[in-house]
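Asker: A single structure is presented below for examination.
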Ligand SMILES: Nc1ncnc2c1ncn2[C@@H]1O[C@H](COP(=O)(O)OP(=O)(O)O)[C@@H](O)[C@H]1O
């Protein structure tokens, strides 16, 4: 079984209060030198059968219509190497 | 500026209701062949200065103590290549 | 004849019974609609009530939007069927692209439950005719994903066309852009808002006020008069 | 890996077993052997060990709790008393109300969000299992010092968990408490209460009767939740590889629970169940043994039919799993098809896992081989009972003598002003809005009173305006000073709060949060509090209908303050006559009652 990962992040122009909350907490935790934090979602899909171009096209379609809301979010699809 | 990504996923043995809800919706959307879906978080950190071993160690520490709840979550840290 | 108002139940819908009660109190007949049925049972209007359909998993409203009942509602709405989306129902409407924009996590990241003051900006929609323009009403608000967001162009267009139906007054409880609490489509038959009129239809209960009843009497009048 | 069957156990009587690791004492293990007349199988050992734990068997508290029955006041209002999932009270007009308070203290310290969330989920299923629609929740909470760093971790997580679960179920939160005290630093108290409403004829009980009736497990799949302890069984008895790492943390899925509620209520409406039990602390071990023990026959279960989330679970682990959002129903064969149809309608997985037999044993099979053969009562209802030693602590007199008169008094206006400001700005007096704003109090459209009122009130009939009011109160500092008086003060306060809202108090539920019962000081506090509540309830004419005991609340050797939390339920014929706390209009007169 192969794993395909879909990363979904808010578009850069959209306010991300979750990321900001993390960033604001960093100095308190003694971390500096981090200029920005954005928080998004990661989906791990276990795909039955071969992950060929057709399968990837379908997953991209799934991400586009379902996993991401493209009004506010961008996404990226990648096949994860087997360890 | 370099980008470091921290992926946080529920441990495999922990119930992931979100991932399950997504998976159960797939057949209705006409997608099959996906045996499992897990949903987690992705943090993108923009790091000032060099991402050397010391910086990565600090980010790992941050992930361990703050970004992930290690009672129920695992995490992975990786440096993202500049496009 | 009395108007038949459909009230949809998705898995995880919470306010369906309250909405049915509000429809009844306004004098119309509530008709329960089940998410798996495409048949809208010839209702004259539809309410998508609040709740956590599908647990709000993935994104609020994202999974419900693909249910069989939504196919019929989306088609009906395009033909002028009056549709009101409250809270989770509003989220379903934006996910379905019947209304523009999207709903994001509240800017303070918490669930918030409060009595919220609103200004009625558009009293000409199917669901707001019993209010007057600029009238202020107070009804409950309760959500965690209530921050209305759209790009500048869409926001300008909504304002220019008078499609902002409600704005938050005194407090913007979730960081919604331009204090927007509710909007309508170009035709004015589809309205969505985050606060809950169905929880403010009886004295003593909830806020103790009946400021929300106007939504349900508005639609009743509209339907009976046509 | 060989399966530890009953037959195998008979033949290998001398095989050492990890009973101590499972929390059993030598004499308890010996008793199990005596009951079975052989060594228990791994699965049996798993069942006995969880069911005989303090949490499930009430072995230290039972002797004191008995007073609630023995001293119970005469009342016609009580339809179902102590012993069932929750007590049921007649509130008139054919309605019955059930309510109960439970603790989820330890899990909430380990993982505040999930601990609190699953605490709410558990009490809601208890109420549902009685046949009632859950209509409201409350959450008495106690945390360490407000400014302690760990409180920053625990409090927001607990509040988000209570809200996240309750809001998603559509249950209005109509009250609770937030108390800060350093004694709860390593041991916060997360108590959750649920109220449910039904008609008299809808009351359901947890019992399995009628040979041939089916046992149906429905709800979430079974995973490895909360079975850290039993992993030793899987490893030491059968397999020498290391114990598999299992999550001790249970994760809640409120969406699944909402479906379970609606599905179960529809099943009740069509009268499809004979007996029903929620799966709580000890999972299937508890549900099967309690159903069989309370019923008239025996029960046979095919454990390998249980739908799993993790295919590697051993039978022992399946029996002990604390996976949330599951229920177990006893259904006549002719009604099974309709039962399964309703579950399918609500997207709820349902499986026939066994049936009621005309025997008197609980028998469990794994792929056709028998792994459990026990008299169910010995598991569920005839566990060990301890008369733990207790004595009034020798420090009690000194504590009581150290009263406020010894404290310095503010001298002059400035000090008085400072004292007043310190008092009203203390976290225990400050507004609780940060907490209560995160809870939906409007959902279901029947909330008459919620925060900031002294008691919550819910309308239960729209046409007659019949309603109920509930208040919870407790004060660990009073109870530490004098457990008897402190417990009665908690009872009296909750009683007054209900009465002040305009309702007539009818019944009591309590959550007794104490330290280790093995400490005679703590045991004395516990005994005193029980005696106080039983006496107080008799005096007030309101029976205790159920509750929960949470022991071992301590950090190292230091126990929390004894903290009996008392909930009082009252009825009001017409909610329009409720009395809110606010002044209604100018010119009203103020009276002080009592002395
Ligand atoms: N954890 C909580 N959950 C829900 N309601 C709460 C909680 N804590 C406090 N409240 C509510 O907030 C209000 C004020 O609480 P509190 O200041 O403790 O009042 P009081 O001292 O009169 O009991 C009450 O209505 C109480 O029920």
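Every residue, even glycine, has its Cβ placed from backbone N, Cα and C.
Pulled these from TrEMBL:
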type     : residues : note
ACT_SITE : C:87     : active site, nucleophile
ACT_SITE : C:196    : active site
ACT_SITE : C:198    : active site
Asker: Compile a sequence-ordered list of residues in the same chain as the residue listed as 'active site, nucleophile', six or more apart from it, whose Cβ lies below 8 A from its Cβ; state 'none' when nothing qualifies.
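Answerer: C:15, C:49, C:50, C:51, C:142, C:143, C:146, C:193, C:194, C:195, C:196 - these are the non-local Cβ neighbours of the residue listed as 'active site, nucleophile', listed in sequence order.
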Asker: Counting only residues 6+ apart in the same chain, whose Cβ is under 8 Å from the Cβ of residue C:198 (active site)?
Answerer: C:15, C:18, C:19, C:21, C:22, C:49, C:50, C:86, C:212, C:215, C:216
Asker: Can you count the other CB atoms that lie within 10 A of the CB of residue C:196 (active site)?
Answerer: 29
Asker: Are there active-site residues in C:87, C:196, C:198 whose CB lies under 8 Å from a CB of chain D, and which ones?
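Answerer: Of C:87, C:196, C:198, the entries that lie near chain D are C:196, C:198.
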